[in-house]
Amino acid sequence: MARGVNKVILVGTCGQDPEVRYLPNGNAVTNLSLATSEQWTDKQSGQKVEKTEWHRVSMFGKVAEIAGEYLRKGSQVYIEGKLQTREWEKDGIKRYTTEIVVDMQGTMQLLGGRPQGDAQQGQGGGGNYNQSAPRPQQSRPQQSAPQQSAPQQNYNQQPPQQRDSRPAPQQQAPQPAADFDSFDDDIPF
């Protein structure tokens with residue numbers, strides 16, 4: 001029996017500056033409000049209608065620190081996380097909230113460079129802040145994230161590993177083919 005999949009992908013705009021706090025163990029937690037909008041034409045009136053949905057996002061660990069440092073109100077961001085519901089009691093009443101959690105398996109990617117008014121404006125670019133182990137690069141870009149012309153950087157936080165006294169095995173670079181004339185220049189597209 002399948003265990004199920006809990007994965008949320010959002011591309012949206014920060015509605016306010018992120019709120020960063022630190023747990024007693026020193027880990028960062030960042031909360032932010034992310035707006036996503038969709039637009040369509042009403043068939044009856046012919047007018048454009050826009051609906052904005054607000055999402056609560058909680059980030060943990062290194063990605064939370066980075067979000068607190070670089071995200072501001074109006075920043076566009078790509079988020080990969082999971083849907084999670086919390087329960088607590090306040091004044092004898094049970095309360096619930098559902099939020100998107102970005103933890104060790106989640107990803108945050110800044111889109112569109114720095115927001116206007118930033119002192120270091122013009123450096124542009126974005127970063128892919130991913131706390132999980134590096135994933136193999138794909139030969140084609142993902143279709144769910146908007147394309148950027150600015151360079152991107154990956155910041156990966158790998159889980160701590162035990163140090164080994166043996167040197168890591170060296171991989172040999174692939175050798176180029178010796179006979180370049182054997183390639184067919186007629187590409188079928």
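Each residue, glycine too, has its Cβ placed from N, Cα and C.
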Motif 'Important for interaction with partner proteins' per Swiss-Prot: which of the ranges 40-45, 52-57, 184-189 is that?
184-189
Could you give the number of helix, strand and coil residues in the domain 'SSB' (5-109) as assigned by DSSP?
9 helix, 66 strand, 30 coil
